[in-house]
Amino acid sequence: MSNSTGPSPNSKASKEPAPDNAGGAMGAATASGAVNGERSAEAAGAAGGRRATASGSPGGRRVAGRHADRLMGIDVARGIAVLGMFVVHVGVGWTLADGSNALLPVVSGRSAALFALLAGVSIALLSGGSSPKTGSDMGVALWRVVIRGLLMLPVGTLLTMTGTPVSVILAYYAVFFVLAVPLMDERWKVVAGTAAVLGVVGPLVSFYVRGLIEDGPLEGPVTAINSYDPLVIWADDGVVNFLLTGAYPAITWMPFVLAGLAIGRLELRSVRVRWALLGLGSALAAVAYTASWLALNVFGGRERLESSFDADYMAGYGGAGSAGDAISEGFPGTVPLNDWAWLLTAAPHSGSPFEVYGAGGVAIAVLGVFLLVSQYLRWVLYPLAAVGALALTTYVGHILLIWVEERGWLVGTPLQPVTDNLAMSVLLGSIVFATVWTLLVRRGPLEGPLHVVSMWGAKRIP
């Protein structure tokens with residue numbers, strides 16, 4: 001999946017080569033490859049558009065046509081998303097006096113949104129970044145995205161079949177990647193506009209169509225589709241889930257991917273662009289979360305939800321004991337259908353417009369922050385970047401470790417402490433493994449084969 005030697009702590013900040021983060025994460029599993037012709041920030045502003053040379057590479061070889069180093073800030077942001085996933089899935093963090101995880105409210109829903117955003121960024125980098133590929137080169141990039149998405153589908157399905165409590169995102173990502181293909185060769189403004197509109201329209205369409213499915217005219221057809229869908233039969237997660245009703249439905253998650261695709265078309269080596277991402281993301285998050293709070297607490301949304309709260313009905317949406325709990329704890333991917341006022345929340349995994357814009361804004365701001373600071377803190381942030389570069393491997397690995405822990409296969413063996421201390425094992429194991437691997441090996445153990453197969457297949461499709 002990764003197409004680079006991993007994050008390089010030795011690259012000079014002032015001469016960072018063109019970004020090559022197209023495949024470092026499980027969320028970016030569709031895209032990898034050097035960005036040929038990606039201009040540096042300095043080159044972008046220079047008359048004649050001279051290409052920047054790759055600092056730290058033998059002989060100062062040029063970026064164009066050669067393997068480029070990774071843009072470390074993207075990997076660091078992805079590593080942060082991985083750690084957020086560990087918080088949600090295995091309880092990495094620290095416990096408060098009431099027994100809750102202090103980090104859970106911070107990362108819930110937002111770490112997955114960051115993954116989706118970075119998937120879009122990586123797709124953009126694969127297809128040329130700020131200098132999009134054209135002709136047959138773009139055709140190869142398109143097919144690589146499709147092939148990688150198709151490869152991720154069975155991997156995600158197999159992980160879902162393990163039956164762990166984790167809502168596995170890989171199969172959903174396969175759908176996201178394929179859906180992003182038609183916009184890969186569009187201008188960044190078109191993609192950004194599509195993401196902005198879908199961020200509002202998607203949740204509304206989801207609410208309406210799901211209402212037609214739940215005790216409505218579409219209930220029968222959807223039941224029939226699910227009865228024949230092999231993915232539903234095997235893993236209880238099929239096409240309808242991927243598009244509309246699941247934990248990460250495309251109709252409300254594609255705005256993150258498309259926002260990332262638009263961002264990846266910008267000159268990410270420009271300091272001004274990085275500050276703009278931080279400012280834009282912060283503004284979006286502040287406006288969205290503030291608007292949601294006002295709608296709930298000033299304009300009567302919370303009171304309406306509390307008065308109409310139905311605990312039995314809510315059992316299918318996370319089982320919260322009150323409207324307040326539901327608003328703070330979130331949902332399993334979609335808001336309940338018994339009251340439109342649920343769309344006023346910004347709860348984690350609610351898929352409401354406020355959550356899409358709020359979590360999306362946080363993701364954009366986080367990316368901007370680490371694009372800015374990673375050039376100054378390379379060695380400090382290197383372990384995080386390494387985890388981000390091997391996100392597919394660490395994601396699959398931590399799901400399998402949860403599976404092993406639930407089966408009790410290590411009980412009574414010398415390795416029992418691994419599962420007895422699952423959170424620490426996942427955290428330290430991922431950081432140490434990823435750091436050592438990226439220092440010694442070119443691509444991750446899962447990222448490498450994914451890259452080879454997708455490249456081989458894409459070049460053989462006419």
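Cβ coordinates come from backbone N, Cα and C, glycine included.
The feature region 'Disordered' is assigned by TrEMBL to 1-64.
If you look up TrEMBL, you'll see 1-12 marked as compositional bias 'Polar residues'.
Summarising the annotation, TrEMBL assigns compositional bias 'Low complexity' to 27-56.
The domain 'Heparan-alpha-glucosaminide N-acetyltransferase catalytic' (70-275) scores a mean pLDDT of 95 in the predicted structure. The domain 'Heparan-alpha-glucosaminide N-acetyltransferase catalytic' annotation in TrEMBL covers 70-275.
Under the heading transmembrane segment, TrEMBL lists 76-97 (among others).
Sequence annotations record features per position, and here TrEMBL assigns transmembrane segment to 109-129 (among others).
What TrEMBL lists as transmembrane segment is 141-159 (among others). Counting residues 6+ beyond its ends, the transmembrane segment (141-159) has Cβ neighbours under 8 Å at 1, 23, 26, 29-33, 123, 126-128, 133, 166, 168-178, 180-181, 184-185, 231, 234-235, 237, 396, 399-400, 450, 453-455, 457-458, 461 in the same chain.
Per TrEMBL, the feature transmembrane segment maps to 165-183 (among others). Distant neighbours of the transmembrane segment (165-183): 26-27, 29-31, 89, 112, 115-116, 119-120, 123, 142, 145-146, 148-153, 155-157, 159, 190-191, 194, 231, 235, 237, 242-243, 246-250, 253-254, 257-258, 261, 332-333, 395, 399, 402; these residues of the same chain sit at least 6 beyond its ends, with a Cβ under 8 Å from one of its Cβ atoms.
Annotated transmembrane segment per TrEMBL: 190-209 (among others), in sequence order.
Here TrEMBL flags 239-263 (among others) as transmembrane segment.
Annotation comment: TrEMBL describes 275-296 (among others) as transmembrane segment.
For 350-451, the entry in TrEMBL reads domain 'DUF418'. Across the domain 'DUF418' (350-451), DSSP classifies residues as 79 helix, 0 strand, 23 coil.
Remote same-chain partners of the transmembrane segment (356-373), defined as residues 6 or more beyond its termini with a Cβ less than 8 Å from a stretch Cβ, comprise 71, 73-74, 76-77, 80, 109-110, 113-114, 116-118, 121, 199-200, 202-203, 252, 255-256, 259, 263, 268, 271, 274-289, 292, 346, 348, 381. As annotated by TrEMBL, transmembrane segment applies to 356-373 (among others).
Residues annotated as transmembrane segment in TrEMBL: 380-402 (among others).
If you look up TrEMBL, you'll see 422-441 (among others) marked as transmembrane segment. For the transmembrane segment (422-441), same-chain residues at least 6 beyond its ends with a Cβ under 8 Å from one of its own Cβ atoms are 5-7, 82-83, 86, 89-93, 382-387, 389-390, 393-394, 397-398, 401-402, 405.
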Non-local residues, at least 6 beyond the ends, that sit with Cβ under 8 Å of the transmembrane segment (76-97): 7, 21, 24-25, 27-28, 103-104, 106-108, 110-112, 114-115, 118, 165-166, 366-367, 369-371, 374, 381, 383-389, 391, 394-395, 398, 402, 422-424, 426-427, 430
